[in-house]
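Summarising the annotation, TrEMBL assigns transmembrane segment to 6-24, 36-54, 66-86, 98-115, 127-149, 161-180, 186-215, 236-261.
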Amino acid sequence: MGVYNPQDYFIYIGILLVLLTFALKFLFNKIKIDKTFIVAISPYMILAIAIRVLTDVGFYERSKLWNITPGVYVITFILAFFMILIGYQLEKRDILSYWKLTFAVGFIGMLYFLYNLIPFFNHPLRILVPLSMATIITLAVYIISPLFYKPIKEFENIAILFGHLLDGCATFIAIDYYGFGEEHLLPLFLINISGTALIMIPLKLILILIVIYLLDTLYKEEQNNFKEKEIKISKYRLKITAFMINNFYLSIKVLIFILGFGPGFRNTLLPSLF
């Protein structure tokens, strides 16, 4: 597995901005981003990582179009996006709640790819180590959070914290104990300086707590000063409402969770396969 270069990051950020623009135009003004939404899209996160790991073990030939970064995440996003829109149309006609169709399709796909992954598990108990570490640290932060920032206890915040701690713990275990390498430039630099991937756990913890606090603070300020307005994106005109602002901030949190949980879940699985 190679190391990402700066050009890769610019490409991926560009793709991400395009996807967010589509979501802003066609999704944020229709579907409320809440716990139900997170449940609906959760299988797609695991589905994407399962495809990525199947590629790591040689089940699929590597292709940036659909089974490694960025293709695997673009394809998964498009699938989830269209399932949500189809589900929304069914819900409008009182046929089925949007999240049920979205979840069902994602869940079936997730089971299929996880099933294909089963024969490659050589050390399944290794999965428990980073999961246990991340759970214990998250629980500790949850308990003491009233001492420094009580809103950490909110569902989306504690999910973000767990996702990134899982990434930090899994990275530490995979690199320090099983000889895996880091793919990202900044973590690689910090690991090389410190001499251990253990640095990723406190780094992730501090960084995510700061990000959560800043996002919550910005959202409160936006709520207090918000006025409806219209913006132009390319040839489209878009009316920005309080509902969309709420969805926008929550979708950023969902994205931050995915950016932590996705690599964390992959790094949790990899040592159990080799």
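The chain as shown is numbered from 1 upward.
A Cβ is built for glycine as well, from the same backbone N, Cα and C atoms used for every other residue.
Small disclaimer: the values here were computed from a predicted structure and weren't measured.
Under the criterion of 3 or more C-beta pairs below 8 Å, with sequence separation of 6 or more, the transmembrane segment (36-54) and the transmembrane segment (127-149) do not qualify as touching, having fewer than 3 such pairs. Beyond its flanks by at least six residues, the transmembrane segment (186-215) meets 3, 133, 137, 141, 149, 151-152, 157, 160-161, 164-165, 167-169, 171-172, 174-176, 249, 252-253, 256, 260 of its own chain at Cβ-Cβ distances under 8 Å.
Within the chain carrying the transmembrane segment (161-180), a Cβ under 8 angstroms from the stretch's Cβ atoms is held by residues 126, 129-131, 133-135, 137-138, 141, 152, 187, 191, 196-198, 200-201, 203-205, 207-209, 212, 256-261, 263-268, 270-271, 274, all 6 or more beyond its ends. Away from its own ends, the transmembrane segment (127-149) comes close to residues 158, 161-162, 165-166, 168-170, 172-173, 201, 205, 209, 212-213, 264, 267-269, 272 of its chain (Cβ-Cβ under 8 Å, at least six residues beyond either end).
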